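Please read the structure below before turning to the comments.
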Amino acid sequence: MLRLTTDTVSGNDMYEGYAVDLIDALAKMEGFNYTFVVRQDKSSENLLFKVADLAICDFTITSEREEVVDFTVPFMTLGVSILFRKPEDAPPSFFSFADPFGLDTWVCMGCSFLITSLALYLIGRLCADEWTNPFPCIEEPEYLVNQFSLNNSLWFSTGAVLAQGSEIAPIAFSSRTCAAFWWYFCLIMNASYTANLAAFLATQNPIKLFTDLDSLYHNKHGIKYGAKLGGATIRYFAGDTEPDAAEPMKMVNVEGCFYCTIYGTLIAVILVLIEHLLHIIRVGKKTKLPFKEVFIREWHAYIDFNNASKANLMIEEKSQDEDSQKGEEAIEEQQEEQKKSKSKTKSHNSRSRSSSISRARLRQKRKSAMMRGKSTSPMPYGFMIPGSEESFKS
């Protein structure tokens, strides 16, 4: 800067300041002479056209200037500062609790919630281990029930998101795999939300007249500002800057958690298909039914979404065998009873015929004796008919 003095000075003595002291020290160290030449436009054209050898001033280092000239190590580091009146604090919005996450993050979280719930519902129906006995006292029930209904699946996912858990516990390996990946996703998202929410609560909520230099450059509130034309500051105004305030967490920051959930769900689906095939093979060996028949019957039970229970094929086949055996035994008993009844009717007919024949013969004998007058057998009602007067007297 120009030296303020009452004496008449000229040449290098007209200037003073840190830059002058610095070039004096360099001249003494390196042994060269110099002469100050001041340019009014403060440009570096003399260096480019080799009119000047050095330029010393408080010159802002930018990437555009570094492409054409070389800079020494900066002796001072300063940023662009703006002085303005402190704005008033704005009242919190109704949905201020959603500020830690961006809109895209919330939308992806909702989609992940629905997809995981549906995946648990389908995996629970396809996996044979999730069909349990509703009556623990009965070893072999006639039907089985599934705990992963659509409502229970949504409730299970909700409990994981809110870190409260639920009374529903997965049993099969595939459903546990899907649940484990969902729990990991909820753990990371809860930790990220809590950390970002603390940053939002720690900062004030002023009325945002502008957020960065670019928004100030294009502001709609009529804010006036000034900077040197052609300087680094006015160029910085039009460039992109990084805001100092906390920003909502976008999808880019947590996209790995979503990929982890998607891959975990796919792995669980593959596992449940393998478990389903193994279950069909196991049931076919025990019941001696063909693979196709077991597959069709199980598949019809799985896709019956209105019914939360299905028939137990093993018990059903046993009951059918028992029913067939009982039916055969009943037929044999009926045949034996028919044989016995036939033999009884035959013996009864023979007895009735013999008794009728003996009665007829007895009647004939009595009639012949009465005709002869020699019958002494008792008559009905206790009367005796004598054959003659002598026999009556005796």
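Our numbering is plain: 1 for the first residue shown, then up by one each step along the chain.
Cβ atoms are placed via backbone N, Cα and C, with glycine included.
Whatever TrEMBL says is automated annotation, not expert-curated.
Note that the coordinates shown come from a computational prediction; the quantities given were computed from them, not determined experimentally.
When TrEMBL records THR60, ARG65 as binding L-glutamate, the matching candidate from THR233, THR261, THR265, THR287 it lists for that site is THR233. Only residues 6 or more beyond the boundaries of the transmembrane segment (256-278), in the same chain, are considered here, and those with a CB under 8 A from a CB of the stretch are 108, 112, 115-116, 119, 122-123, 126-129, 172-175, 177-178, 180-182, 184-185, 188-189, 298. THR233 (L-glutamate binding site) is surrounded by 15 other CB atoms, counting those within 10 A of its CB over all protein chains shown.
All protein chains shown were included, and the count of other CB atoms within 10 Å of the CB of THR60 (L-glutamate binding site) stands at 15.
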